[in-house]
């Protein structure tokens, strides 16, 4: 096997994401004619500690959301540095990209520029070897298909409705394969649509393909999902569990949690009580961002109260950053990390965060963003690292479905080697 292959060109362009905003797409060209391509996602609710997504700010073009500066940074500064590099030396290339930027948050060149290059390099290397990306990144032991954390009711900043919490999801832990898991979720999704219609609710979709009805309360979202699970022929708490992304930083104001649509203002302790009541009442297996990104004491209390029986996922809390994750591990905040490639900006840093989480006994959930493209890198990544869980929206809208379809292909390719762990993917809780 050739272990040296030069990069001969790097080309970026501005494309559109699923929310009709510009994003960066990068192609890396190799001396043997191989091409690797990657497109960068973008978030709606973003943590304050995320790596910087560079936007042009020109109000006359795409309402200031253009990314031509990031594109130019790739085509000029980054391309000049990468041409002649060995495509198989991913850690070196990622280190060089970080040093080329020179800032703590990738604010000079833009995390959207840097990530596009980092992922395109990995795709080019895999293509040159004739390997699937998951095999190139994960090696011979990459075999675990993920339990989907499927968003079927959207609220918060992902929808224009009366629901405070951002995402209500289903997790088909009772399935025996990813193929079966996807079918189960699709059946519940269609059943939920009919259930909402029967109740007189609208069935318009949010950013991630979930329904966005104006429900009477946050709890009604769970009630109607459980009803749909039952009508679809499954048992909530056995075949399917509920997962929530509270996105609490979005309604954390002056040290309090303001649930405007319910007319409640809660302290950190009261917010923990709120979730504990729900966990005791409903078959909830995972809560993401239950507390705000700066409420470390609240996170610690939440973990003390619920961390043995519910997965507590830090998204805005950790932003795929090893420094923040290390602090969380030290003080006992959360027991899981959400992994978003564009929060940190390179493949190598992402893999480092997953490794740190695993060493600490934390689960890792590989995630999309609300602004997505047809790029399926995260589908390969979740199998490469055997994470066992993926969060990539509803089984609707092609930018979400593309990820699920890629996982179907991977499961087919792995054949009998493929593992679907179901409830065992939650290895650090008792449920």
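The backbone N, Cα and C atoms fix where each Cβ goes, and this holds for glycine too.
The (2R)-2-phosphoglycerate binding site annotation in Swiss-Prot covers 166, 340, 369, 370, 391 and is backed by sequence analysis. Look at Swiss-Prot and you will find 208 tagged as active site, proton donor, backed by sequence analysis. The Mg(2+) binding site annotation in Swiss-Prot covers 245, 288, 315. Look at Swiss-Prot and you will find 340 tagged as active site, proton acceptor, backed by sequence analysis.
Location within the structure of each feature annotated in Swiss-Prot.
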| residue | record | DSSP (3 states) |
| --- | --- | --- |
| 166 | (2R)-2-phosphoglycerate binding site | coil |
| 208 | active site, proton donor | coil |
| 245 | Mg(2+) binding site | strand |
| 288 | Mg(2+) binding site | strand |
| 315 | Mg(2+) binding site | coil |
| 340 | (2R)-2-phosphoglycerate binding site | coil |
| 369 | (2R)-2-phosphoglycerate binding site | coil |
| 391 | (2R)-2-phosphoglycerate binding site | strand |
One should report the C-alpha separation between residue 369 ((2R)-2-phosphoglycerate binding site) and residue 208 (active site, proton donor), rounded to whole angstrom, as 8
The residue listed as 'active site, proton donor' and residue 288 (Mg(2+) binding site), compared by Cα position, are separated in whole Å by 16
Its Cβ having more other Cβ atoms within 10 Å than any other among the binding-site residues 340, 391, the winner is 391
Excluding 245, 288, 315 themselves, the Mg(2+) site's Cβ centre has within 8 Å the residues 166, 167, 244, 246, 247, 287, 289, 313, 316, 338, 391
CA pair residue 166 ((2R)-2-phosphoglycerate binding site) / residue 245 (Mg(2+) binding site), Å rounded to integer, equals 6
Close in space but at least six residues away in sequence, with Cβ under 8 Å from that of residue 245 (Mg(2+) binding site), the same-chain residues are 151, 165, 166, 167, 169, 288, 289, 313, 315
Counting every protein chain shown, other Cβ atoms within 10 Å of the Cβ of residue 370 ((2R)-2-phosphoglycerate binding site) number 23
If you count the other CB atoms within 10 A of the CB of residue 369 ((2R)-2-phosphoglycerate binding site), including all protein chains displayed, you should get 27
If you count the other CB atoms within 10 A of the CB of residue 208 (active site, proton donor), including all protein chains displayed, you should get 31
All chains considered, the count of other Cβ atoms within 10 Å of the Cβ of residue 315 (Mg(2+) binding site) is 29
